[in-house]
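The structure appears right after this line, and notes come after that.
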Amino acid sequence: MPVKLRWPWLGIAIPTFLISFIGYGAHYFILSNFLSVPKQITFEFCLSMIWLSYYLAICTNPGRPLPNYKPPPDIWRNFCKKCQSYKPERSHHCKTCNQCVLMMDHHCPWTMNCVGFANYPHFLRFLFWIIVTTSVLFCIQAKRIYFIWQQRHLPGYFFKKSELIFLTISSPLNSFVLLTITILFLRCLFNQILNGRSQIESWDMDRLESLFNSGRLTQKLIDNTWRIYPESRSFQNKKDAEEHLTKKRPRFDELVNFPYDFDLYTNALLYLGPIHLWLWPYGVPTGDGNNFPKNGISKYEANSSLEDHILSLPWPPDGGKTNTVFNHGSSTIEMRNESGEQLIRTRLPQNGRHASREKWYNDWGESLDDFGVDVDME
């Protein structure tokens, strides 16, 4: 779950302290005692790249919609009352930054800024350089600790007391930073590069799957298809729709397509820019963040099947609105497809799991509000 700080300035103060304490403290008390000058310079270079990437992640605006933006006909028309303009696809209004953010990923407390289309490469490079620097330091500290342990029978004056104290303090602290940032970095790669999604869009995908498993999504998708593509309401498609609702139980991936996901390399080029600029501190993503290319599955073809029409719906395919719950007293009907058999069971409603999009939360306890989104503007 995203961290919420009582005093927002701590979001900058804590990382600044950790970078300074671990980085410069390790250099002064440990590395300067035995490491060669070229290796010390390399370490300081990595440390400087952390500072530069961090500064850019903090100070770079995550991206705001173009003035007088008009949405194309193939996306939902979402009007932001606070900005008094339409929101481009994948955009959300941040309640902290008080602006609509292009391809909003989340509001980061550690940068006091949103992570969005324009500064996502800076944020990812910031994480990358932390991992590189702490990994190098971890290896150096491990070798140094092993060396001191081998010489433990020597008199104490052979080693500086300050080095031993700092090794004791900084080694576990550095390992903790390395572990946590690596997990965050891998999550970013998994969401954005592997699946082409922001954290909010991954959350939305979980929400849609929850709606699908509870039997409340299919009807909404069919209704949206009739509304957006009225010409697709043929006799055969109506028959297929009835079968989906009463007999045939399609898989989730047969009805829901994330339109902005391509292969891994294309996703990386889209969000990080050309490959030769991935490590360049000022590298920017491809495009303007107001319009995004879509995969072939999302292309609408009038003569296609009902499933193809549903897959071509704009994101999110339910329009961001939750369909009516099929309630029977105080319970909820859930339908699942296991091993080719349709299972129907009655479940007691779970607080928050069958709520509207603005109040729904995932298995991590994350709601739309936790990502910094102004839910009143959704």
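Here the Cβ of each residue, glycine as well, is placed from N, Cα and C on the backbone.
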Any idea which of 10-30, 94-114 is down as transmembrane segment in Swiss-Prot?
10-30
With respect to the membrane, does Swiss-Prot record E89 and H276 on the same side?
yes
Within the topological domain 'Cytoplasmic' (62-119), how many residues are helix, strand or coil going by DSSP?
0 helix, 18 strand, 40 coil
Counting only residues 6+ away in sequence within the same chain, which have a CB under 8 Å from the CB of C108 (active site, S-palmitoyl cysteine intermediate)?
G11, A57, C114, V115, F123
Chain residues outside the transmembrane segment (120-140) and at least six past its termini with a C-beta under 8 angstroms from it:
22-23, 26, 30-31, 35, 43, 46-47, 49-50, 53-54, 56-57, 60, 62, 103, 105, 108, 111, 171, 174-175, 177-178, 181-182, 184-185, 188, 192, 271-273, 278-279, 281, 283-285
